[in-house]
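Taken straight from Swiss-Prot:
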- H472: active site, proton acceptor (ACT_SITE)
- S33, R40, Y123, T243, R350, K425: glutathione binding site (BINDING)
- S33, G34, E53, T60, C61, K69, A139, D334, T342, H472: FAD binding site (BINDING)
- A205, I208, E211, R228, R234, G294, E340, V375: NADP(+) binding site (BINDING)
- C61-C66: disulfide bond (DISULFID)
- N278: N-linked glycosylation site (CARBOHYD)
- M1: N-acetylmethionine (MOD_RES)
Amino acid sequence: MLSATKQTFRSLQIRTMSTNTKHYDYLVIGGGSGGVASARRAASYGAKTLLVEAKALGGTCVNVGCVPKKVMWYASDLATRVSHANEYGLYQNLPLDKEHLTFNWPEFKQKRDAYVHRLNGIYQKNLEKEKVDVVFGWARFNKDGNVEVQKRDNTTEVYSANHILVATGGKAIFPENIPGFELGTDSDGFFRLEEQPKKVVVVGAGYIGIELAGVFHGLGSETHLVIRGETVLRKFDECIQNTITDHYVKEGINVHKLSKIVKVEKNVETDKLKIHMNDSKSIDDVDELIWTIGRKSHLGMGSENVGIKLNSHDQIIADEYQNTNVPNIYSLGDVVGKVELTPVAIAAGRKLSNRLFGPEKFRNDKLDYENVPSVIFSHPEAGSIGISEKEAIEKYGKENIKVYNSKFTAMYYAMLSEKSPTRYKIVCAGPNEKVVGLHIVGDSSAEILQGFGVAIKMGATKADFDNCVAIHPTSAEELVTMR
């Protein structure tokens, strides 16, 4: 039997639910990068478009992902660069070594958050410019195939559409089987931290954990990284795995290899955490624990009411054209989980709208998920496009591939006592040595990879690389001069 409170709440919902169903050409559930891009592109073709967002426009990337993460990376990178100034003959009357580093976390957080808020406003204005209707609230399919949205004022509206896109993104996974797991936070929680932790434990060997550990260490926190294997970034080529792992250890990040956390305890007197690991060791007096052990699809939009199929990982199944198994319902981005990168969601969203609402030439438009470049904003940066050396051997056979390697110290570090590694690898296949994989570690890897990504997407061979005149002196010239 319902309590009086629940009965009153249900009555309130019934009283405030709209009896009119509003119809659109296109309804987008999720105001992240992919959803916004698709909505704007559809509206640009004249489609009457509605976008529903539960939290803030921009999704994970703008609010708790790529954008504020990169801002923090800049701060951490600058802290390291400043410590190099004395060796370059600059400010020698000032103590700029790492031991004297100070960082005003609260002030910087305020500036960073203000920047994110400005971006939210820009997203809003861009949607308004394209005449996209925006509703803030929680969307859910009902059994009629329409979408009910519980708005922030607790009123509920019902919408129908010719085409519906689910682009609800993903969310962090917590290890709920570990006692005390709730004493830690996730990458979202990282951006809510009001003070810089003096001692922090980051759990996970993926790119999110590696990036956050690098930021904390660069800004002066005692940083511990707990990983299950011997290396970080195990989904990347071994040259990236080994180079970043070794450099993090060399730089002073406490990397706990072959380790798992079995229990987390809190000292109520000191407010500090004690992290127990499987090897009977522990990390004591920890200020913050950050779980970065993976992400999962953000569901809860009533997909079961319309019969949307999920895979074994509870991700929405979508084909190469972003179609789900339900006619006129589509899905893309992290909720699908093919390639969980913001530019991928944006590109897929735009191509979907091209196909649905654009001119005849776009009737078969779809995103090519092959050779998508990706980078890790570690310290130093790393980037990859194509397949790893191991994958190339499995695909083409060892006798049919050729691998070019180079490891060197960039010129910037010639004046410095502390060095940072640069490591490049080109993986080629077949008699014409088509470049099927490019893996780089070193300063400015993200900027370098963008241009080479175009070449590889176009089917470049090693000879094409060789025929490009080098720009000297740069690190990137090594990629067109390797033998």
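Even glycines carry a Cβ here, placed using N, Cα and C.
The recorded positions listed here (C61, R234, N278) include C61 as those with a Cα within 10 A of the Cα of S33 (glutathione binding site). Look at the recorded positions C61, C66, A139 and count other Cβ atoms within 10 Å of each Cβ; C66 has the fewest. Closest in space to T342 (FAD binding site), of the recorded positions given as I208, E211, R234, H472, is I208, taking the CA atom of each residue. A Cα-Cα distance of 31 Å separates E53 (FAD binding site) from A205 (NADP(+) binding site).
With the fewest other Cβ atoms inside 10 Å of its Cβ, the least crowded of the binding-site residues A205, I208 in this structure is I208. Here the CA atom of Y123 (glutathione binding site) lies 32 Å from the CA atom of A205 (NADP(+) binding site).
Cβ packing within 10 Å was compared across the binding-site residues R234, R350, and the lowest neighbour count falls to R234. Looking only at the recorded positions C66, Y123, A139, R350, H472, the one with its C-alpha closest to E211 (NADP(+) binding site) is C66.
DSSP assigns N278 (N-linked glycosylation site) to coil, not to a helix or a strand. A count of other CB atoms within 10 A of each Cβ picks out R40 as the most crowded of the binding-site residues R40, R228. Secondary structure from DSSP puts R234 (NADP(+) binding site) in coil. Note: the CA-CA distance between E340 (NADP(+) binding site) and C61 (FAD binding site) rounds to 11 Å. Cβ neighbours within 10 Å of V375 (NADP(+) binding site), excluding its own Cβ and spanning all shown chains: 20.
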